[in-house]
């Protein structure tokens, strides 16, 4: 008992346990893999066209509208209130999903789910405000691992309950409601942070890991370009807005923070390397989220859930496992990403495009499942590399800022795709044709980075050749 009390007394253990419990329970949603069959089945009796062209697009629009203000408010109110807001949004989403009916009601569901996804930033940012910098890597691995475990367990559990126990989709959603409600309860037990990344920073030397430390974690064998973001050092170490004025007014304080954020973004994107990796991040993430949003609709189109066995949960579980495995594999690969990074982006983006074309042209549901597994594994492999390449040069604050901005750009691109391709007020294309468009989109991404990589490789060889001739 004394050992347990002593462990709780260590400030980082208690909040880490609670936030991980919150993450596990909020991700433990066994009904999510079966959302489209639930909406188009007897419970809601919606058509596949209503789900695709009228209901699902609302999530994208609400997510875009809420992301930027929520990003700023999350930091300003120091995370915990936003985690509580996320819990309320989860509960409202599943209450409506269980008991409301009609297209408009399901559009409201998508709005609140947009609130859920917009507030996810609080989950990953909270823990950095209550632990010291030397524990960042450790607690990050805990927080991310627990959500992957929960997603896998939820998908497997959902599949087993549907296939073996004959549990209805309605009761599967009731289980999800219970899980997210428990996550909401966990949020109340989180200690309130005393600082945040931007609006409530303590002394810079205590809170910022800084570029020097970030680069040091890579080791002496890191690529030379890891040292290239020299211009950011002075800005990273610049006084926080609180230090620039003893008692700033709230409005002027907020203005100073926003101006500093703008300068940080400018400095970050002035690095050509960071710009290219961020470009891929935004383009690919937009396409990836769009595919994830509509993949169940395609599966239901290929094998209608009212007349075929549904294996969505099993496929999602395998996809999560493969995504985790490919992410872990990145840590074992020793490659000069400055030379071959863009080529890798081009090749694996082409594989993503091929997977999407397969899903468009085949009528076989198992081929669709296989294409989805390959698509997600390739994306998770590349996004892990991109995350590392961006984070290695930046402090935690600047990485969080770039992460948020890159995702915002991705969401803008995804919204354009939704308006033009999906929405009934746009082209309103059928689901099979949509995946032809998404395959063409990833072909475009692949072409950009293959051409860029060829140019980079030729330029380096030409420089080496000219250097050798000069020496002779």
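Even glycines carry a Cβ here, placed using N, Cα and C.
Just so you know, TrEMBL annotations never went through curation; they're auto-generated.
Feature annotations, courtesy of TrEMBL:
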{"type": "REGION", "residues": "217-249", "note": "region 'Disordered'"}
{"type": "TRANSMEM", "residues": "12-31", "note": "transmembrane segment"}
{"type": "TRANSMEM", "residues": "51-71", "note": "transmembrane segment"}
{"type": "TRANSMEM", "residues": "83-105", "note": "transmembrane segment"}
{"type": "TRANSMEM", "residues": "111-131", "note": "transmembrane segment"}
{"type": "TRANSMEM", "residues": "143-164", "note": "transmembrane segment"}
{"type": "TRANSMEM", "residues": "170-192", "note": "transmembrane segment"}
{"type": "TRANSMEM", "residues": "274-297", "note": "transmembrane segment"}
{"type": "TRANSMEM", "residues": "309-331", "note": "transmembrane segment"}
{"type": "TRANSMEM", "residues": "343-361", "note": "transmembrane segment"}
{"type": "TRANSMEM", "residues": "373-392", "note": "transmembrane segment"}
{"type": "TRANSMEM", "residues": "399-422", "note": "transmembrane segment"}
{"type": "TRANSMEM", "residues": "434-455", "note": "transmembrane segment"}
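For the transmembrane segment (170-192), same-chain residues at least 6 beyond its ends with a Cβ under 8 Å from one of its own Cβ atoms are 14-15, 18-19, 21-26, 28-32, 34, 38, 43, 78, 80, 83-84, 86-88, 90-91, 94-95, 97-98, 126, 130, 158, 161-162. Within the chain carrying the transmembrane segment (83-105), a Cβ under 8 angstroms from the stretch's Cβ atoms is held by residues 22, 26, 38, 44, 46, 50, 54-55, 112-113, 115-116, 119-120, 122-123, 126, 170, 173-174, 176-177, 180-181, 183-184, 187-188, 190, all 6 or more beyond its ends. Outside the transmembrane segment (434-455) by six or more residues, the chain places 52, 276, 279-280, 283-284, 287, 290-291, 294, 298, 340, 342-343, 345-347, 349-350, 352-354, 356-357, 359-360, 417, 421-422 with a CB less than 8 A from a CB of the stretch. Against the transmembrane segment (373-392), the recorded stretches 12-31, 111-131, 274-297, 309-331, 343-361 differ in Cβ pairs under 8 Å, and the greatest number is found for 309-331. Count of Cβ pairs under 8 Å against the transmembrane segment (399-422): among 12-31, 51-71, 343-361, the largest is for 51-71. In this chain, the transmembrane segment (111-131) lies apart from the transmembrane segment (274-297): fewer than three C-beta pairs between them fall below 8 angstroms, excluding pairs fewer than 6 positions apart. In this chain, the transmembrane segment (343-361) lies out of contact with the transmembrane segment (143-164); the count of Cβ pairs under 8 Å, excluding pairs fewer than 6 apart in sequence, is fewer than 3.
The recorded stretches the transmembrane segment (343-361) and the transmembrane segment (12-31) do not share 3+ CB pairs below 8 A when only pairs 6 or more apart in sequence are counted, and are therefore not in contact.
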